[in-house]
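The block underneath contains the structure these notes are about, expressed in structure tokens.
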Amino acid sequence: MVVHRAAEGLRHARRAGRAPRPDRRRRDLQRHRARFGPHRRRLHRPPDRFRRAVAGQGRHLRTAERGPVLRLGVNIDHVATIRNARGGEHPDPVRAAQMAAAAGADGITAHLREDRRHITDDDIARLIDATGLPLNLEMAATPEMLGIALTHRPPAVCIVPERREERTTEGGLDAAGQHNSLAPFVARLRDAGIRVSLFIAPDIRQLEAAARLGAPVVELHTGPYAHGGDGELERLQAAAAHALGLGLEVHAGHGLTTANVGPVAAIPGLAELNIGHFIVGEAVFIGLDAAVRAMRAAMDEGS
């Protein structure tokens, strides 16, 4: 009897226009589509847009009118730093690269330093084919590193300055002052079919030197911006515009976090961000998969 009365009440409610919430939603959606068309509703749902980005679909959010999607290169150096602190094989940076790829990274970056403080020669050999993503090998312009690059032939090499006493790369490459030594180095890499980028400060002189050297890509050093320097965002914006005018592809990286990446991601014409330390650090708390997805979402929200 109770069930019968409940069913009767439901039928009366529907006839009276007081349908339960699921039916009301269907009815409202039908009216909305009749008025605006089937796609109009989706354009006004930023919470759903954010959820899709966190779910690893953020790379598909930008429209053709806004240009190509900004790529995320995940640097896995500091997974190797943790491994090397104790020796052994755990945690494996190659496994981290595979997880980053599954989480939505567009490329993997690894810096093979002269002192091998984190990434090793064996890591590079394994990373080449481990993920299905292009490997961006960061290295100094030395004969040893040139030989390694020509042996493994990664898709991309980024030439960076390097000093043994530094904790991390502290400044940009002096492409203008080292033109004579860099020119044959860049030429050898390009002849081998390797895309060459130079990690430089957002400085007009350095950009023009990079163009003269024949490097098709520059990576702008975002460290001063990340540390809160006055006017640094404007410097990055001006440098990116100048680089594009020179026909260079523009990347950026160093010190970027989910909190500060948005304005950099919004720079017109930027093609790629390379981010590592923050992602690996966040992975301690939320997991590597979630850390990569969160950075992807922050980039998409900014761009």
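Just so you know, glycine gets a Cβ as well, placed from its N, Cα and C.
These features come from TrEMBL:
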REGION    1-45  region 'Disordered'
BINDING   ASN75, ARG86, GLY255, GLY276, HIS277  3-amino-2-oxopropyl phosphate binding site
BINDING   ASP77, HIS78, ARG113, HIS118, THR168  1-deoxy-D-xylulose 5-phosphate binding site
ACT_SITE  HIS111  active site, proton acceptor
ACT_SITE  GLU138  active site, proton acceptor
SITE      GLU219  site 'Transition state stabilizer'
ACT_SITE  HIS254  active site, proton donor
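A map of TrEMBL features onto the structure.
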residue	record	CB count, 10 Å
ASN75	3-amino-2-oxopropyl phosphate binding site	27
HIS78	1-deoxy-D-xylulose 5-phosphate binding site	20
ARG113	1-deoxy-D-xylulose 5-phosphate binding site	20
HIS118	1-deoxy-D-xylulose 5-phosphate binding site	21
GLU138	active site, proton acceptor	26
GLU219	site 'Transition state stabilizer'	29
HIS254	active site, proton donor	26
GLY255	3-amino-2-oxopropyl phosphate binding site	17
GLY276	3-amino-2-oxopropyl phosphate binding site	24
HIS277	3-amino-2-oxopropyl phosphate binding site	16
CA-CA, which of the recorded positions HIS111, GLU138, GLU219, HIS254, GLY276 lies nearest HIS78 (1-deoxy-D-xylulose 5-phosphate binding site)?
GLY276
Provide, as an integer number of angstrom, the distance between the C-alpha atoms of GLY255 (3-amino-2-oxopropyl phosphate binding site) and HIS118 (1-deoxy-D-xylulose 5-phosphate binding site).
18
Neighbours of ASN75 (3-amino-2-oxopropyl phosphate binding site) among recorded positions ARG113, HIS118, GLU219 (C-alpha cutoff 10 angstroms), in sequence order, are none
Looking at the recorded positions listed here (ASP77, HIS118, GLU138, GLU219), whose Cα lies nearest to that of GLY276 (3-amino-2-oxopropyl phosphate binding site)?
ASP77
Report, in whole Å, the straight Cα-to-Cα distance of GLU138 (active site, proton acceptor) from HIS277 (3-amino-2-oxopropyl phosphate binding site).
15
Recorded positions near GLU138 (active site, proton acceptor) (Cα-Cα within 10 Å), from ARG86, HIS111, ARG113, HIS118, GLU219, HIS254:
HIS111, ARG113
HIS111 (active site, proton acceptor), Cβ-centred 10 Å count of other Cβ atoms over all protein chains shown, is 23
